[in-house]
């Protein structure tokens with residue numbers, strides 16, 4: 001019963017978003033394990049497209065019996081949110097391929113909360129608040145330290161990083177867009193499942209075309225198929241249902257900042273599961289991010305949506 005009602009308090013909502021972020025953080029490890037099992041790198045774009053196609057279908061089918069997915073008052077935020085989902089997927093993978101994993105990830109994840117705060121202000125005229133701004137700035141510093149100590153901090157030349165900055169920023173804007181759109185759907189009476197089912201269900205349509213163009217990309221193997229199924233069901237379907245429940249009680253800006261727990265989880269899993277080495281600077285970065293999220297979580301009065 002506690003899990004079902006956790007979103008009713010700000011502290012419970014924070015816990016739900018952090019749980020979702022922990023699941024998000026398993027994405028890179030799962031894809032790396034899939035590539036290891038296959039013996040060759042999986043096509044990241046094909047994996048991302050397959051993930052959204054399957055997850056969008058599952059979320060839409062799950063939400064369908066619980067009410068209409070596209071009532072008149074929710075169509076615009078649904079379409080905008082679906083566009084954000086597609087923008088994030090394409091922007092992120094393009095950025096990583098162009099600028100390198102470290103720079104692409106840092107720009108995409110670091111810009112998401114800033115864009116969410118800006119969009120929240122534009123849509124609702126509600127400033128995210130000083131605590132949010134300070135927490136976000138501290139967390140982004142921690143993110144920089146994590147990627148600098150990941151062993152990939154020097155990947156990508158100055159020119160490639162500059163070229164990858166635009167798609168990385170597009171990914172951050174995409175994440176912010178579907179976060180704000182999801183909050184708008186919830187405010188208009190959608191259930192958490194309904195909001196995510198509508199946005200990801202619509203996003204599955206263009207992503208299916210992309211999947212067809214990139215097929216097979218390693219997805220016709222047992223390792224590839226297993227990876228996509230996991231990524232679709234756990235860090236997408238389950239994670240976004242948790243995220244949406246938390247979003248009921250948090251502003252989009254606060255929820256977006258809390259998702260910066262994702263690289264912390266990813267770094268820890270890289271050490272424990274993939275045998276990667278966590279440099280001292282990266283460890284310091286995880287401490288900085290956790291400190292920032294604790295600061296935000298303890299000042300719930302300034303971030304509660306209601």
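These residue numbers are counts, starting from 1, taken along the chain as shown.
Cβ atoms here come from the backbone N, Cα and C positions, even for glycine.
According to TrEMBL, the feature transmembrane segment maps to residues 131-149, out of the candidate ranges 17-35, 131-149. Residues 44-45, 48-49, 52, 69-70, 103-104, 107-108, 164-165, 167-179, 181-182, 184-185, 188, 195, 198-203, 206-207, 210 of the same chain, all 6+ positions outside the transmembrane segment (76-95), place their C-beta atoms under 8 angstroms from a C-beta of that stretch.
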